[in-house]
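If you look up TrEMBL, you'll see 111-282 marked as domain 'Myotubularin phosphatase'. TrEMBL lists N259, I260 with the feature substrate binding site.
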Amino acid sequence: MLDKYNLRNPSKGTLYFATTHLIFVDHEMRKETWILLMHISSVERLPITTTGSPLLVRTKTFQSVFFVIPRERDCHEMHQTLLRLSQPVHIDELYCFHYKQTPDDLPKSAGWNFFDIQTEFQRMNVPNDQWVLCTANKDYELCDTYPSEIYVPAKATTAILLGSASFRSRGRLPALAYLHHNKAAIARCSQPLSGFSARCMEDEQMLDLIRRANPNCGYMYVVDTRPRINAMVNRAAGKGYENEAFYENIKFQFSGIGNIHVMRKSLQKLVESECTIERNDE
């Protein structure tokens, strides 16, 4: 196994294929490196070198591990074995189904009940005097991408909820995501349909009720994760961002995070820079 920081002194050892892991055992240090098979994202054979056939294993946890196999045939077999174990064709080939067989009396719909949103919010002492359970989305008519049960400020009326949802992209009105024990809350929502000058009294009231739900603070941060330029471009399409002149006691800021394509490319460059080996150092 090669260490990118010490290429001249590779670790010599043995590779083991276990049921769930790829395990490398260093002969000298007896150190073990465990790689979960289901964490492997890609297995790549590199050009043959004078020392053997390199094999690059990348994981979904951003690990990159280089192995140099003395014999090309062994490298080929390892490559095929890793591909087969890390990329099962059928779901029942996953280890979890061998470790514990699915009970015959367990209906397929049971998976929907493993997570209970009410139990999760009860852990945060919700509902309480400031936040309540809202069932207005029980048939997913208010917002088809939200849960059927959402938590909103206790003083939010049905008219406020409907008005706020109609003013938000895809109906994603502000809803509670996390409540700290000091009553500070994190609420999530989509961008408003504000365009260049549109406003919605119900949406403004909704944000004000969220702010008032925390009596320990007189203002509220509204964080837009997009770059400012992206949000401004969306205004031409009738969307945009909150106008501080319309929303009382808010502090607005952009986080400058690019869209999913920009972030994917950034992550790809980061991973590639971490696993690059300078040929001159080999």
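Using N, Cα and C of the backbone, Cβ positions are placed for all residues, glycine too.
TrEMBL annotations: computationally assigned, not manually curated.
Taking a C-beta cut-off of under 8 Å and a sequence gap of six or more, N259 (substrate binding site) has these contacts in its own chain: R226, N230. Under 8 Å, Cβ to Cβ, and six or more positions away along its own chain, I260 (substrate binding site) finds no residue. Averaged over the domain 'Myotubularin phosphatase' (111-282), the predicted model has a pLDDT of 93.
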